[in-house]
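Student: Have a look at this one.
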Amino acid sequence: VSLQMMKHAWDNYKRYAWGLNELKPISKQGHSSNLFGNIQGATIVDALDTLYIMEMKEEFKEAKEWVEKNLDFNVNAEISVFEVNIRFVGGLLSAYYLSGEEVFRKKAVELGEKLLPAFNTPTGIPWALLNIKSGIGRNWPWASGGSSILAEFGTLHLEFVHLSHLSGNPVFAEKVMNIRKVLNRLDKPEGLYPNYLNPSSGQWGQHHVSIGGLGDSFYEYLLKAWLMSDKTDEDGKKMYYDAVQAIETHLIRKSSGGLTYIAEWKGGLLEHKMGHLTCFAGGMFALGADGAPSDKTGHHIELGAEIARTCHESYDRTRMKLGPEAFRFDGGVEAIATRQNEKYYILRPEVIETYMYMWRLTHDPKYREWGWEAVEALEKHCRVDGGYSGIRDVYNNHERHDDVQQSFFLSETLKYLYLLFSEDDLLPFEHWVFNTEAHPLPVLHKDDGNKEENQK
């Protein structure tokens, strides 16, 4: 089914928005997000590995030809370093490792080089935004005290290690190792990592902590850096398990109805709200269970299962059986969005991602059942004639579509669904680590010289 869904999403993108970043499935035209500046083709690059894995060979070939002829980084535009890294660099790396086609390696390294000026700050903590022509960087104007954002500069590690590996140029890995050095030197309030860090002073901004947006993938990349290093990166491992310990102590709570959730921390005060993005953490805890301190493995799996259940409830308690952007545990409500601007669903993958990890690590059939419920809801409410669209209010009887088919729907949501219903030997966890945009990157084994050829 996810194969037919992918075909519907891809064919309509191709028909109405080919070469543009994303598709507007209702108005049947292109959608350009400012995150990518003037770089084009986000959906194509993001979907390459999904097309390959689903054996959509014709489509993969067309996408590859577009990349060869048209993917151009010489644009005078300001881009999000984080988004371009996880979608474009990650997508190209993955396409290279799966297909062995040299064009993808070449383009990935070329783009990586274009991102390097973002690190030209007093601390080496990169800017959020970079003009890739001029090399001038800056931070989001809304970010606390001119800070860079934890989830953004903390989500470059996997891709940059692979860029060094594929280019033979150590500079990429050096840049991301330095970020870690800066973080290790700093005092962490209660062992927690605030979401804001000033790249000039090297000091924290506001003491806000979140495992949702602004924080999320930083934690994921600590664990995955260790896994991707064939479990040699002891520093990443220690940082991850220490962080989880602090998260458990300060952020993880149980509602009166028995639902485990991860709250947000604001200068010592808890906000009892959990974002859809935070739902990835169920899969993360389960994936990290095996390396946890000796007596804790079962506990981490259990934690993953609890988060998966809470996130399933956030879906189940809506009209459309699709989860809201954020849901709360206060004033008598549990796992429900109480604010209008948190009731939307934009085709996000995190809940399905957690189902996929929980399925692979426990084989409890409920995860496939829950995944199937999500498929039915997507087909019923998000599928439109021209593709798939997000929804403005999941508690409503009638769909109000937002008219965007996000590139991550093809990269992540549909890939995780496909993997949830596939055998475990498709992209097995011992050989592959998924970047935060679901792009599989191979584990770098210490012993083999020719690492790329490792485990297709």
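A Cβ is built for glycine as well, from the same backbone N, Cα and C atoms used for every other residue.
Caution: TrEMBL annotation is automatic and unverified by curators.
Keep in mind it's a predicted model, so treat the numbers as computed, not measured.
OK, TrEMBL features for this one:
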- Glu83: active site, proton donor (ACT_SITE)
- Asp216: active site (ACT_SITE)
- Glu325: active site, proton donor (ACT_SITE)
- Glu350: active site (ACT_SITE)
- Thr436: Ca(2+) binding site (BINDING)
- Cys279-Cys311: disulfide bond (DISULFID)
Student: Quick check: of the recorded positions listed here (Glu83, Cys311, Glu325, Thr436), which one has the Cα closest to that of Asp216 (active site)?
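Tutor: Closest recorded candidate to Asp216 (active site) by Cα: Thr436.
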Student: Please report how many Å separate the Cα atom of Cys311 (disulfide bond) from that of Thr436 (Ca(2+) binding site), as a whole number.
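Tutor: Distance (Cα to Cα, whole Å): 18 Å.
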Student: Long-range neighbours only, meaning 6 or more apart in sequence with Cβ under 8 Å: which ones does Thr436 (Ca(2+) binding site) have?
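Tutor: Once residues fewer than 6 apart are set aside, Thr436 (Ca(2+) binding site) is near Ile86, Gly90, Thr155, Asp216, Ser217, Glu220, Tyr221, Phe280.
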Student: Which residues, sitting 6 or more apart from Cys279 (disulfide bond) on the same chain, put a CB under 8 Å from its CB?
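Tutor: Result: Ile307, Cys311, Ser314, Gly323, Glu350, Val351, Glu353, Thr354.
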Student: Compile a sequence-ordered list of residues in the same chain as Glu325 (active site, proton donor), six or more apart from it, whose Cβ lies below 8 A from its Cβ; state 'none' when nothing qualifies.
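Tutor: Result: Gly275, His276, Ala337, Glu342, Lys343, Tyr344, Tyr345, Ile346, Arg348.
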Student: Sort out for me which one of Glu83, Asp216 has the most neighbouring CB atoms within 10 A, since those are the active-site residues we care about.
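Tutor: When each Cβ's neighbours within 10 Å are tallied, Asp216 tops the list.
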